[in-house]
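As recorded in TrEMBL:
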type     : residues : note
DOMAIN   : 133-218  : domain 'CAAX prenyl protease 2/Lysostaphin resistance protein A-like'
TRANSMEM : 21-42    : transmembrane segment
TRANSMEM : 48-67    : transmembrane segment
TRANSMEM : 88-113   : transmembrane segment
TRANSMEM : 133-152  : transmembrane segment
TRANSMEM : 159-179  : transmembrane segment
TRANSMEM : 185-201  : transmembrane segment
TRANSMEM : 208-230  : transmembrane segment
TRANSMEM : 250-277  : transmembrane segment
TRANSMEM : 298-318  : transmembrane segment
């Protein structure tokens with residue numbers, strides 16, 4: 001009777017001891033559905049409270065509940081290991097230097113999307129004074145950094161390691177990008193997911209991902225605050241008629257080129273710092289990952305929840321493109 005009422009999905013979450021790909025994918029689908037329904041509705045009423053609810057209830061809580069139900073170790077699954085101070089500092093600088101790289105890939109995506117119509121900026125809150133800046137740092141930077149890293153570089157990365165660490169990093173990064181349900185903000189998060197995933201793997205510490213994520217979002221919040229302050233001072237300045245006459249796509253192409261040059265130099269510096277971490281963790285990563293499993297042991301049906309989520313993302317993306325066309 002209990003199985004009939006709760007369904008096979010819940011039964012799959014609790015039947016076998018230890019986390020598994022099928023259970024993780026079910027959690028991913030369920031949280032995605034909650035995110036675009038309950039989370040979106042709450043954020044429409046109150047952005048900041050909605051974001052806090054989304055991060056701590058819809059993003060952080062499900063993986064913790066799932067790990068507990070499976071009787072697995074939080075320390076093992078989430079890699080709750082200390083991060084060396086030297087590596088922590090290097091993670092911060094690697095993330096700052098990687099920011100232009102992620103921005104470049106987002107701009108590439110936005111340039112392609114602009115051919116369908118006018119780019120609609122998502123309603124992301126930005127600070128207009130120091131009090132708002134401090135609050136946004138806590139909500140968008142710290143809260144998102146902790147909750148999303150526990151989910152993606154904690155549970156999902158560990159769960160997919162049976163397919164090989166490279167596959168786990170790539171898959172968790174793509175799922176991270178999809179989880180934003182925004183075509184304009186797809187490629188950037190995937191790139192960041194690859195960087196954070198590799199840093200977590202090399203250091204064997206979830207805190208590398210958390211620190212990197214907090215730094216990245218903190219840079220975004222800070223730049224938004226600076227832009228608002230600058231705009232207030234330049235409000236009386238005349239608009240460049242040439243820039244105003246340029247189509248949005250051409251402006252994006254120009255911005256993409258400039259950011260691409262910046263990203264090339266900045267990304268190279270980030271790679272040089274990453275090489276230092278790689279050298280210092282060489283030979284210590286083998287025992288950090290799960291043993292690869294035979295592909296035959298992973299059923300196709302285990303991936304159905306992810307396929308459904310990807311179809312949902314495609315449908316929402318289609319609606320976003322339609323909306324862009326209507327605006328144009």
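Glycine too: its Cβ is placed from the backbone N, Cα and C atoms.
By the Cβ criterion (under 8 Å, sequence separation of 6 or more), the transmembrane segment (185-201) is in contact with the transmembrane segment (88-113), since 3+ such pairs are found.
Across 48-67, 208-230, 250-277, stretch 208-230 shows the highest tally of CB pairs under 8 A with the transmembrane segment (133-152). Within the model, the domain 'CAAX prenyl protease 2/Lysostaphin resistance protein A-like' (133-218) carries an average pLDDT of 98.
Remark: secondary structure over the domain 'CAAX prenyl protease 2/Lysostaphin resistance protein A-like' (133-218) totals 78 helix, 0 strand, 8 coil, with classes taken from DSSP.
When each of 21-42, 208-230, 250-277 is checked for Cβ pairs under 8 Å to the transmembrane segment (298-318), 21-42 comes out on top. Same-chain residues lying 6+ beyond the ends of the transmembrane segment (159-179) with a Cβ under 8 Å from its Cβ atoms: 19-21, 23-24, 28, 32, 35, 77, 148, 152-153, 186-194, 197-198, 201, 289-293, 295, 298, 306, 309-310, 313.
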